[in-house]
Structure formats: structure tokens, C-alpha cells
Amino acid sequence: SKSLYSSRGSSFAHIESPTENEALGSEVLRDPEVAGRNQFWIGLKSDNSDRGVYHWSDGRAVSQYVGFWAIGQPEEAEGNCVAVSLSSSPLWSRAPCRQLLPLICQQPACVEGSFYCRNGKCSTQSDICNGRDECGDVSDEENCPG
């Protein structure tokens with residue numbers, strides 16, 4: 001899954017504030033493709049080697065006391081990966097990593113008026129269709145007229 005999202009310039013979602021947690025729930029639930037689903041993977045995992053410490057997908061460590069855990073969570077016996085349930089307020093729980101759930105990913109934003117390259121880089125509008133690959137993935141040179 002990491003190669004899938006990183007090839008598109010994104011990463012697993014990192015949720016670090018109550019505002020981000022609530023926004024995640026409302027943003028994801030607006031997507032018609034997720035209708036009927038209420039549990040999703042976020043980029044947090046425990047390897048149980050350092051009890052009470054979790055790691056975001058980029059390697060940053062975080063204490064189990066940080067987050068938006070459901071009542072009775074985190075429960076070590078439930079699995080090593082962290083999923084968010086969006087059935088009401090977004091709440092986290094541990095689950096087996098082998099469980100098939102949709103991923104919530106995030107992409108960096110480009111400034112208004114710029115071009116978002118397929119690989120996640122940003123480029124200026126003047127770079128589009130100018131015959132040079134400024135993105136590094138040729139996405140700024142695709143679908144050009146003539």
C-alpha cells in the first residue's frame with residue numbers, strides 16, 4: 001500500500017489535532033465512493049516492541065496517550081494497526097493489519113494557481129506543455145495540444 005500512495009505523491013493520513021480528526025470524518029464521509037463504509041486505515045501502527053509507543057508511517061513516534069481512542073482502546077490484543085471509525089465522531093482502535101480496509105491518504109497542497117504533478121510535486125502553470133519535464137514524471141507535458 002505504501003508504494004501505491006507514494007507513487008501518487010501522497011502518504012497515509014497523520015491526525016494530530018482535534019480539528020484534523022473532525023475534519024477527516026466530515027471530508028471522507030462526503031465522498032460517495034465510501035458510502036456504507038465506516039472504518040478506514042490511518043498511518044499509525046504499533047510493533048509492540050516499545051509498549052505504549054506508536055509510529056506514524058513516516059517513522060515519527062507518538063505515545064499511546066496521544067490520539068482519539070475509542071473507549072477501551074488501545075487494546076493490544078486487537079492488532080497492531082490503527083483504524084479510524086467514522087460511524088459517529090472519528091474514534092481510533094487497534095485492528096489486525098491483515099484486515100482489508102480502505103486507506104485514508106493525504107497529499108501536500110500546492111499554492112493556488114500552480115499545477116499539481118502526479119508525483120506530488122508542484123509546478124507553475126507556465127511549466128505546463130512547454131516541452132520540458134519540470135515535474136520529473138512528465139505529467140506537466142501530458143495531454144498537450146498539437
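Glycine residues also receive a Cβ, built from the backbone N, Cα and C atoms like all the rest.
Automatic, uncurated: that is what TrEMBL annotation is.
The disulfide bond annotation in TrEMBL covers CYS110-CYS122 (among others).
Non-local contacts of CYS135 (disulfide bond) by the CB criterion (under 8 A, 6+ apart in sequence, same chain) comprise PHE115, CYS117, ARG118, ASN119, LYS121, SER123, ASP127, GLU141. The disulfide bond feature in TrEMBL is assigned to CYS117-CYS135 (among others).
Summarising the annotation, TrEMBL assigns disulfide bond to CYS129-CYS144 (among others). Within the same chain, residues at least six positions away from CYS144 (disulfide bond) with a Cβ under 8 Å of its Cβ are ILE128, CYS129.
According to TrEMBL, the domain 'C-type lectin' annotation covers 9-106.
There are 15 other Cβ atoms within 10 Å of the Cβ belonging to CYS110 (disulfide bond).
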